[in-house]
Every structure is written in structure tokens, then in C-alpha cells.
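Trainee: The structure follows.
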């Protein structure tokens, strides 16, 4: 006969029966999550899928905005307005200003990320992202009416602040409102949102390419006003994360929020909240607070290193060649129209790759996908580099374009989407907001360096490396693969409590997948050999 468990047991620390009953509830919840299959999770948590997808759609807006700026550098009308005339009569935005504009947005994001980490801990995910949506709606006016490159820079910096909120909240929220069986799919959906944003940019810019007036670049800016209002409605109606309520001791609200995600509750909501509280207690014992400083204490430094480097790899593995693909294609010899067409093809392929990654993750571990993905990207970058050494011709140009499309497919099949799952899973629940902020900020700092390098590499009036820049990023990608082999653990199929125990016992990265743990006792069961 099953023991009756009520949420009140969690709140009554003086009850003698509560500890044993709570252990049973935690064990039941762990077993239920561990044995839950994908279709079972879909049937039980349909609203978790709906709200996660709705909240993550904010990233489409960010993906659009970030890609818009780099794509503008291949738009003649934009260059005539904001660039400088060259001796041959063409207009080019100097590499220094390209770097300044791109990095201005990243600087704004760094500030926005740190503020988001503080506000979402205090006020929750919903209120923080609603504030960010209101901010970005106003800041778009600066970009739309910018009459000089200096005003553009101000607009990019200010827009970067709410973009920073979109980067962290969407990933953290998706990871907290869904069970283990759905976690990988809903966190990697964030990458699909990025790709959709990039795809929309390419379509909009190809549509305005024939315009010779100011609306060729003002219309793409105005398109950004489509997103905030419907997203604001979704975020207002969405439930707050049950994990956030547990961290703030509001267990009744945690249960109600969880029940809004489920098709049927029964005792599962009570048991799941018990598991959340047990996990939170484990992390409290290992960490005394939730400040940024806690991320660098001995008990958390390894997790901080892993999530930070996983996200940094996304920007330094050569992926920015995709972000600057239209400019890259022009530098490789294609004309503007063909360059925008190839960008459309490239991002369509990227969307297909992200969708296929969901099937791949159901069969292969995250670590394996990430490692092999980097190895293949390294090989493709080397091929692009060697092809670029041949005398320039149409065949060479189209070959480079085709290989970059394959690169995009592999990236969005492996490194791109899996990164979001790894960052969300490998950070502790109490420090997730802060860990994701630190990781994304390292990504942004890396992005500042990468933007400077790639703008000089691809600008005809600067270094003018063209497709030969693939050699440089190939070397960087190889370093990323080496780090991944030695440092990245496998979180696939693990609950957050199990991951806490594995990290607390310093289980080597390559033994995570095979080590067994007892969650209730908080110990490692199976012996492991470090190698």
C-alpha cells in the first residue's frame, strides 16, 4: 500500500514521519522521471511544451536583429548611407565601424545579462522578460530613425540590454518547466529560433534588394516591431517556473504552477515538488548562496568552467562565418543577389539540421554529438581553406558556398542546438540563472574578439583574407574539440539531483554516463575508474 504524501509534509520540518515519507516521494519522482518516455512526457506535459515554445520565440527576434546588422554590410543601399566612398566609387563601411557596431550590441548584452541574472532571481522569469520586451520596443525607434553610424551604435548598445535577457531566460525557463524526457528538445528549440530569425533576415533583405531608397534598410529595422506585443501576451499568461518558487520557499505556488503544465496531476505534482525541494537542499548543502561569487567557489567552479566553455565554443569554432555568410560569399566572389540567395538556402538547411538533431539526441549522447560535430566542422573548414587557394573562378566560388552550406547543416545538427541543452543541464538549479549569465557573457566577450577578427579578415579595405580565413577558424575549432574530449561530461538522461551528486563526487567527465548514483542518499553507487 502506497504511503500518502501531501505537500504539507515538506513544510513541516518538525514532523517525524515527514522525512521517510518525503524520501519515498523523492524516490517515486526520480523513478517516474527516469522511466518516462518522450511520448509519455508529451501527453503528460503538453502545456510545458506550449509555454516553453512560446517563451523561446523571443530568440527569433534576437536572431533576426543580430543577423540583420552583419547582413547589412552586403547591402549596397546600407553601405551608401553609412559607409565611406572608395577610390573605385563603391561604398564600404570601414572594418573599424563594423566591429564597433557589432561589438556595441555585445557590450549592451553583457550589461543586460548581468542585470537579468539579478532581476530574474528576484522577480522571476516572466516579469523580467516582460520588462525586456517593453524596453526593446522603444529602443527599435533609435535604429529605425538613425541618420548616422554613431546613432546606429547607440541603438545597438541599448537594444543589446534586452537581447541579453532573451538569451538567458529562454534557455533557463525551458530547462526548468519540462521533465528530463523533454529537456533536450525544448532547450535546443532555442537554436531553431535563432535559425528562423536568420532565415527571416535573409528573406527580408532579398526582398528589398531592388529598392534604391532609404526603405531598403529601414523596412528591415521596422520588421522588428512585429514580435514584442504577441510575445508580451504569451509571457504574461505563462506560468512561473516551479523551481523558482521552490528556491523562494513558495511550495504551494510551485505545485499550482506545475499543475498548469500537466494534463493530469494526481500525486505526481506533490512528488515532483518534493524532488525539487530535495535537489534544492542538496545544492544548499554544497553552496551557501546564489550570488555570482558562488559560481567560482570550489564546489561549483568545475560546473562554471564547463558551461562557460561550452557556450564559448559556439562562437570560436568558426560559426561566425555563417553569421557573416552574405559578406563571406561576396568576399569569395559571388554577387549580392546570389549571396543573399545562398544565405536563404544556408539557413533553411540549418533549420533542417536543428530538427534532425532532436532525433539524433534521442539515440546518441550530448557529449558524443558535440565532440564529433566539432571534428567534422574542423575538416570542413580545412577544405574551405584549401579550395580558396585555387585561382578565383565561378566553380571555386560556388564550391566554397556549397561547403559552407554543409558546414551550416553540421553545425545546426550538432554544436548549435546541443550547446543549449548542455548549458541548461550542467549548471546547478540554484545557480542556473547566474551560470547561464556568466556563460553567455563569456560567449559575448569571445564574440567581441571574433567580430573584430572576422571583420578585418573579410573586409576588402582591411586584411582581405576572404575564404582563406577558414584556416584560422579551423585551428580554433581543433582546440575546441580537444577541450571537449577531456572536460565535457555526458548529462543525457540524468535528473538534476543525479548531476549534483556526480559533480559533488568529482566523477571524471568520461565516466558520467556509466556511473550509478543513489539520489535519496546522495551517494555514488557504482565504482568508477579515472583515466
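Glycine too: its Cβ is placed from the backbone N, Cα and C atoms.
Remember, predicted model here, so these are calculated numbers, not experimental data.
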Trainee: Which is it, of 281-302, 369-390, that TrEMBL names as transmembrane segment?
Mentor: 369-390
Trainee: Which one of these stretches, 48-75, 76-103, shows up in TrEMBL as transmembrane segment?
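Mentor: Of 48-75, 76-103, TrEMBL gives transmembrane segment for 48-75.
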Trainee: How about the transmembrane segment (152-174) and the transmembrane segment (48-75): do they have 3 or more C-beta pairs under 8 A, pairs 6 or more apart in sequence?
Mentor: yes
Trainee: Have the transmembrane segment (344-362) and the transmembrane segment (441-458) got at least three CB pairs under 8 Å, pairs 6 or more apart in sequence?
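Mentor: They are not in contact.
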